[in-house]
Structure formats: C-alpha cells, structure tokens
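Residues or ranges marked as ATP binding site in TrEMBL: Gly17, Val18, Gly19, Lys20, Thr21, Thr22, Arg122. Taken from TrEMBL, the feature Mg(2+) binding site applies to Thr21. The feature substrate binding site is assigned by TrEMBL to Asp39, Arg63, Gly85, Arg141.
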Amino acid sequence: MTNLLKGVNLYLIGMMGVGKTTVGKLLAQEIGYRFVDTDEIIVKAAGKSINEIFTEHSEDDFRQLESDVLAQVCAYTKLIVATGGGIVMEQQNWGYLHHGLVVWLDVPIQIILERLAEDNTRPLLQNADPQGKLRSLLEQRQHKYSQADLHITITATETPAEIATRILATIPSILKKQ
Ligand SMILES: Nc1ncnc2c1ncn2[C@@H]1O[C@H](COP(=O)(O)OP(=O)(O)O)[C@@H](O)[C@H]1O
Ligand SMILES: O=C(O)C1=C[C@@H](OP(=O)(O)O)[C@@H](O)[C@H](O)C1
Ligand SMILES: [Mg+2]
C-alpha cells in the first residue's frame, strides 16, 4: 500500500467524533506512515487547549492557526493527517487537502452524540443543545465534506480497525480513477 500511494498523504475529514484521530493512528501503523493531527499540533504550538484558544482568543484565531498548520504539514510526504472537523469550511484549505487523498468519515449524528456525551474538549458542543448544534454544523459542512475523494459511511458497530481496513481496501479503486 505504501508503494501504491507513492508517499501521497491521506487527509481524514468529517464531523467531530467520527473517529479521524482514532482511525488515523491505526492507518498510519498499518502502512508505515507518520500520523499527525492538526488539533494536536495547534495545541502544542499555542501551549493552550482548544477550549482555551476558543475562549481566551476566538474561533477565528483557531481557524487561522488551523490553516497555518495545514499549510506546513502539506510540505511533508507519507503522512496520515487527522484534521479538525471545521477545516473544510475555509476554501483555501482545499488547495492543501487536494495535495493528497481526502477521506470523509461519515457517522450518523446520533452515534456522534453518544460518543461525545461525556467529552468536554469540543468547545462547539459545550452548549445546551449539542444535537441541534451538530445538525446545523453538518448542514453547513456536508457539501464540503462531499468534495472528498473517498466517502466512508460508518455503521454503529464498526470498530476503528475495521474502518481502517475498509479504507485501505478501497484506496486502489480511487487511485485508478485519478
Ligand atoms: N469506530 C468507533 N467505534 C466506537 N468508538 C469510536 C470509534 N471511533 C472513535 N471512537 C471514539 O469516539 C470518540 C471520538 O473519536 P476521535 O478519534 O477523537 O474523533 P475525531 O478525531 O473525528 O473527533 C473517542 O472517544 C473514540 O474513542
Ligand atoms: O468541528 C469542529 O469545528 C472542530 C473539531 C475539533 O476536532 P475533531 O474533529 O477532531 O473533534 C476541533 O478542531 C475543534 O474543536 C473544532
Ligand atoms: Mg480529532
């Protein structure tokens, strides 16, 4: 697979909680790529959590950092890149994402809500109506996510390892198309 991809990066996109970080680590192990997570790089560079960046600065500042990090990451090859769910909204980010193969992990909102019920690290969901917020974000983002090279629809019972295996099995068919 490493050979087949010829060092091309894989970018994982999709809503928060779909498993970009979790599945990304497995994909990297499987094909001998390095794993990077744009959120993790931002947190290290800023010396602040994502919650702190949103509250002490602003979402706009976070989005600027996110675009800067993506631009830097794109200079490297053989990477699995887990992105933050909102990265797709800035059109110029697509210039970077399309340097590699873009994979959309798509999970029903009800499952995301269950997964993130006890999680307080996603500032956009720290409000009285996380379900409504997820619905409106998905509505704004869906047409952007659908620009991905590969759309992976995930069921409630599929494990991260099964999802990683399915992605790797599907990649040869999209490489042929390109
Ligand atoms: N296929 C899966 N099945 C069950 N739980 C999952 C699965 N993928 C991810 N999770 C869990 O969902 C939560 C969010 O996963 P994460 O990888 O952080 O998503 P993202 O990076 O897309 O926001 C974590 O607690 C993770 O363990
Ligand atoms: O969807 C979003 O706008 C966000 C998703 C988060 O990353 P994950 O998608 O990894 O949860 C993180 O970048 C930030 O909280 C904003
Ligand atoms: Mg993540």
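Just so it is clear, glycine is given a Cβ too, placed from its N, Cα and C backbone atoms.
Curation does not apply to TrEMBL; its annotations are automatic.
Between Arg63 (substrate binding site) and Lys20 (ATP binding site), the C-alpha separation comes to 18 Å. Each of Gly14, Met16, Val23, Ala82, Leu105, Arg115 belongs to the same chain as Gly17, Val18, Gly19, Lys20, Thr21, Thr22, Arg122, is absent from that list, and has a C-beta within 8 angstroms of the C-beta centroid marking the ATP site.
Scoring each of the binding-site residues (Lys20, Arg63, Arg122, Arg141) by how many neighbouring Cβ atoms lie within 10 Å, the top position goes to Lys20. In terms of C-alpha distance, the listed binding-site residues Asp39, Gly85, Arg141 place Gly85 closest to Val18 (ATP binding site). Counting only residues at least six positions away in the same chain, the Cβ atoms of Pro160 sit under 8 Å from the Cβ of Thr22 (ATP binding site). Cβ neighbour density within 10 Å is lowest for Thr21 among the binding-site residues Gly17, Gly19, Thr21, Asp39, Gly85. Listed binding-site residues: Val18, Thr21, Asp39, Arg122, Arg141. Those with a CB atom under 6 Å from ligand 1: Val18, Thr21. Lys20, Thr21 are the binding-site residues among Gly17, Lys20, Thr21, Thr22, Arg63, Arg122 whose C-beta comes within less than 6 Å of an atom of ligand 3, given in sequence order.
Checked against ligand 2, the binding-site residues Val18, Gly19, Thr22, Arg63, Arg141 give no residue with a Cβ less than 6 Å away from one of its atoms. Take the CB of Val18 (ATP binding site) and look out to 10 A: across all protein chains shown you find 24 other CB atoms.
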